[in-house]
Amino acid sequence: MDGASAEQDGLQEDRSHSGPSSLPEAPLKPPGPLVPPDQQDKVQCAEVNRASTEGESPDGPGQGGLCQNGPTPPFPDPPSSLDPTTSPVGPDASPGVAGFHDNLRKSQGTSAEGSVRKEALQSLRLSLPMQETQLCSTDSPLPLEKEEQVRLQARKWLEEQLKQYRVKRQQERSSQPATKTRLFSTLDPELMLNPENLPRASTLAMTKEYSFLRTSVPRGPKVGSLGLPAHPREKKTSKSSKIRSLADYRTEDSNAGNSGGNVPAPDSTKGSLKQNRSSAASVVSEISLSPDTDDRLENTSLAGDSVSEVDGNDSDSSSYSSASTRGTYGILSKTVGTQDTPYMVNGQEIPADTLGQFPSIKDVLQAAAAEHQDQGQEVNGEVRSRRDSICSSVSLESSAAETQEEMLQVLKEKMRLEGQLEALSLEASQALKEKAELQAQLAALSTKLQAQVECSHSSQQRQDSLSSEVDTLKQSCWDLERAMTDLQNMLEAKNASLASSNNDLQVAEEQYQRLMAKVEDMQRSMLSKDNTVHDLRQQMTALQSQLQQVQLERTTLTSKLKASQAEISSLQSVRQWYQQQLALAQEARVRLQGEMAHIQVGQMTQAGLLEHLKLENVSLSQQLTETQHRSMKEKGRIAAQLQGIEADMLDQEAAFMQIQEAKTMVEEDLQRRLEEFEGERERLQRMADSAASLEQQLEQVKLTLLQRDQQLEALQQEHLDLMKQLTLTQEALQSREQSLDALQTHYDELQARLGELQGEAASREDTICLLQNEKIILEAALQAAKSGKEELDRGARRLEEGTEETSETLEKLREELAIKSGQVEHLQQETAALKKQMQKIKEQFLQQKVMVEAYRRDATSKDQLISELKATRKRLDSELKELRQELMQVHGEKRTAEAELSRLHREVAQVRQHMADLEGHLQSAQKERDEMETHLQSLQFDKEQMVAVTEANEALKKQIEELQQEARKAITEQKQKMRRLGSDLTSAQKEMKTKHKAYENAVGILSRRLQEALAAKEAADAELGQLRAQGGSSDSSLALHERIQALEAELQAVSHSKTLLEKELQEVIALTSQELEESREKVLELEDELQESRGFRKKIKRLEESNKKLALELEHEKGKLTGLGQSNAALREHNSILETALAKREADLVQLNLQVQAVLQRKEEEDRQMKHLVQALQASLEKEKEKVNSLKEQVAAAKVEAGHNRRHFKAASLELSEVKKELQAKEHLVQKLQAEADDLQIREGKHSQEIAQFQAELAEARAQLQLLQKQLDEQLSKQPVGNQEMENLKWEVDQKEREIQSLKQQLDLTEQQGRKELEGLQQLLQNVKSELEMAQEDLSMTQKDKFMLQAKVSELKNNMKTLLQQNQQLKLDLRRGAAKTRKEPKGEASSSNPATPIKIPDCPVPASLLEELLRPPPAVSKEPLKNLNSCLQQLKQEMDSLQRQMEEHALTVHESLSSWTPLEPATASPVPPGGHAGPRGDPQRHSQSRASKEGPGE
């Protein structure tokens, strides 16, 4: 080819260097406009699309060195269906076929094989441009040296860029999953977060939107591929290209992925239906397929014909045809089977699924923002220049002529291009003939492909046999797993039986050891009894100190409980705050959504306002021109219409640009908002999950609360039963000793409990920290937590009710304890009879205490063992899962190996077929060479004809220019005439208007004067009649006569002036009528002149149209010439390339044979390795199964041990709980036991004497036994004389055996009683726990009651103080009143009724008690639990007594007052005695009534 394609490669290189917004550094200057201005924008859209899909892709034309990085060959040669016309183009290929060349290049082998194959397929690459067409203007081709330099530079640079790019993209994509083929909206939130899930858009879907300029003319070789340089307008389009959808954002590897066969078949077929017929068929016809795919491709070509006929535009889109070849090859490469081939990146195989994926939305938005910033200034400059052109075209008078000249230039370009089209359509028809021949070859090749399908059937049968083997292996695996499960079940059963037998054995051993220990302890206890009494006294003092410590601990626990309640309330307040914050955030989100909608509406309204302002600007300019040239309105209507059309087009362009910019801005804003909303949604999802977990925890807490309530009730019942049993079985000494031991154990337990509570406090602090960390998560869970809070409140109410019930039960228990204490006193009398049993039980209790401690140690050790076993079990489970996954991977690898083997067999057959096809290609290439030589000769003849035509065209040009100059002169003269006529017409109209106005004014003035004169005349006539009447009556008055004469003279003057005015009016009317006739004549003359000028204009238009036709024909001929010259140059270069390709193909055949042999050897080695690997994996699987069985046995044994340990642990915990329960009962007994301690010491002394006697008797019995044994031996040695003594000895021995049996029975009974007592102790411990909790709750309640009662007491004290003061005041008043009454005369006293003596009672409350009451309360004792109830009872008693006393006092005062009030009217003193008492009595009554009301109420 010539240097123009190299320049295109340079432009592609510059574009890929600088990105979509940068211009090439050395742009080509255009020879002239290529298309009319009204089609420039359409061409720009198409070119922009091509620049975005091809120019920016790194897999564009001119790429070499694709050997190292690219798809590994599924078979080591190109597809067998290629003939010479479909070979890929070399480094100087046009951009229109970039994708197809790239596919062919990628289907080649590794770096070692690629160099030879690239040379061998040179002619295939360079013959492809004959199938493509690109319309561009011609420039002089570059020199050959410069062309070679450009080619080399482009090739080197593209090789480097491709290597770097592929490695980088593979590193980025190695971790990403394969893309989904689902179709989604680009605004889907899931796709915003996971952009790799977007469907892959084919380049056809992009070019389809902008293929405005397609033509239905059959095409020959593409102009761009024939060596013509691209029009410089592409530089602008690359700059002003807009991003209209996410498909335009596709990164550089999307083309690589599509060309590699990753484009889905449905997308490709859809795109190919919308191609032009010749561009689709040119590639489809050269690839042999199976009959199904052949029919499909014929259908697609027919659909392409129909689509191209429907789309009736008269130009071409080269980018569209280039995309069509890529899409078509995407289908074909899928049918051949190269879609899933792995890629080579630096020698490593990478699966094809990882290529061709989209970048993230973030990268896309950043790139769009950068491009938008780069393009903003240039786009604004273009818009401003267009606005200036609009204003200038509208405002200037010469705009019509300029637009006509531009139209002429555009039409000339159009005719020249149509000439090129005619020349190229001839070549296209020849290409269609070649297509028919190639289709015949394709039918022949399809038969060969059927033979290949039969071979694939045989390989499929072999694959079926292998799959059956895999199924048998799977069946064996299932059988093994079943056997494993059966063995595991058997092992578990055996282990369980073993464990039960072991447990029985251990129990038997423990019983034996206990019996032996009891026998020994009975001997030891005799000696230790003396020491125990001394120890008991010390333990009593220690127990009192321990009790005080326990009470202190109880107070600390209550304070901790209050602190935890305060923390819970603070957390609830924090939760409410977060709920409010959540509501505020939701409102803010709604507000933001509304603001976004308002912004969008504002943008739309701004766009509408912009358009409206532009239209107003245009309309104002048109009004300005119309006011200046109103007379030229009809003459310039056509020019104004053209100007309006052009202005509308430019306005639409500017508005479209602004809409696009606003659209990109809105899309970016929407993307950002959507990402924010997605973040919020994820956060809310997390919060919902946490809320669900919290709800589950709340449900668990509720369940535990219910269980505890049930346990509490059961324990209360058991407690009652146990108390009944205790009354029957306990003795005073036993209860004392057990209480001492129980207090010791309880002290230990309380210490452990304290440690647990401290641990719980630390865990609560940890949970508080966690809650503070999870504040953000709790925002969404607040709504759910409300319901939880309500349920918790209900639970709290239930707990309060439960606490009330428990407090009642506690009081009942206290009463029962009082009763039982009496029973205990009764039982103390029976201690002497049950001393032996008590000693045995005490020994058993000590043993059980030791056993409990041993159980604890065993439980802790076994817990550790269980945790270790759980960890080992988890580890083994994870190893099992890994082994299973490895087994699945081995099966998958085996299947892939079998599939690879069958694929390689198919590839070998295809390679052989392809070698036969290449020989046929050589022959067809030789035929083409002969045809080209004949075509060259015909082209030389055409060239001579073209020279003659150009000379004739030059002469015609000169004539046309002269005619155009003459027409312009005539048009300017005509314009001047029209202007003059218009100015004359306007001046005449103005004069007419002024004269008409003056005439109307004069007529108005005259009519007013006439009316005035008429009115004066009527007045004068009336006066005259009056005077005449008066004159008739009185003829004597001369003065009246004179006045009448004067009036008549006046009347004559007025009539004279009236006649003058009428004459003037007639003259004015005549003058105005003459002027009107003259103006009408002038207007008629002007209209005649206007008609003449219109006829002259029509003649000028006819001349201009003829000139245009001649110029268009001239340009048409020029276009034909250029098209012929281009095709001539292309054919010459194509001929030379075909000659070089013939030699390279022969060398390529030898290379292909070697590669096939190497591939077969490598495949056999891989098969052998896979077999070895499968065998090794099966062996390792069997070993792992054995390991798993052994581990399962171990796990089963560990489970049995864990169950045993759990039982022991439960028994120990029950014992501990019973011990705790008994603690409170024993606390009440401690004081009584202290009193009984002295009695017990005396009894102990007696008991020790009895024990000493028993021991002495035992020693005597043993000595007698030894003596008897000696005597027996002596008697046996002697004659049997002492048979009687032997019988006596036997009888004594039987008695001893009976005593031993009775002792054993007593031991058994004591064991049973010990067990019962242990159970009772465990239940007592549990009761103690529950009572502790209830006591804590009671403490909180009693504290509240205490505060309330203290407040009431303070009120009562205040009332008492006021009552005392009022009482004293009343007494004083009464004494004064009595003294006054005594002083009055006795006569008055005797005449009045005798006054009853008033007796005011003293205050019933003593002064000492009042002082004590009015004093501040004493300090609270340090033992609140013991003293609270007594304090409360005292307070209640005091309140009741105070209230009763106040009521009695109020009644007495009221009675005394009522008895005293009847005396008041009888007394005639001015100040009666009741005068003082009355007003004071009322407040007294009020205060008394108030006190009486407050008393019961309180």
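Note: Cβ is positioned from N, Cα and C throughout, glycine not excepted.
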From the set SER924, SER1248, SER1392, which residue is assigned the annotation phosphoserine by Swiss-Prot?
-> SER1392
Of SER389, SER559, SER878, SER987, which one does Swiss-Prot label phosphoserine?
-> SER389
Of the residue ranges 1101-1125, 1376-1400, the one that Swiss-Prot records as region 'Disordered' | 1376-1400
Out of SER16, SER240, SER272, SER1489, Swiss-Prot gives the annotation phosphoserine to SER272
Between SER18, SER254, SER459, which does Swiss-Prot record as phosphoserine?
-> SER18
Can you dig through Swiss-Prot and tell me which residue of SER241, SER259, SER385 is labelled phosphoserine?
-> SER385
Site from SER983, SER1127, SER1430 that Swiss-Prot describes as phosphoserine, others unannotated there | SER983
The region 'Disordered' (974-993) resolves under DSSP into 20 helix, 0 strand, 0 coil
Write out how many residues of the compositional bias 'Basic and acidic residues' (789-801) are helix, how many strand and how many coil, based on DSSP.
-> 13 helix, 0 strand, 0 coil
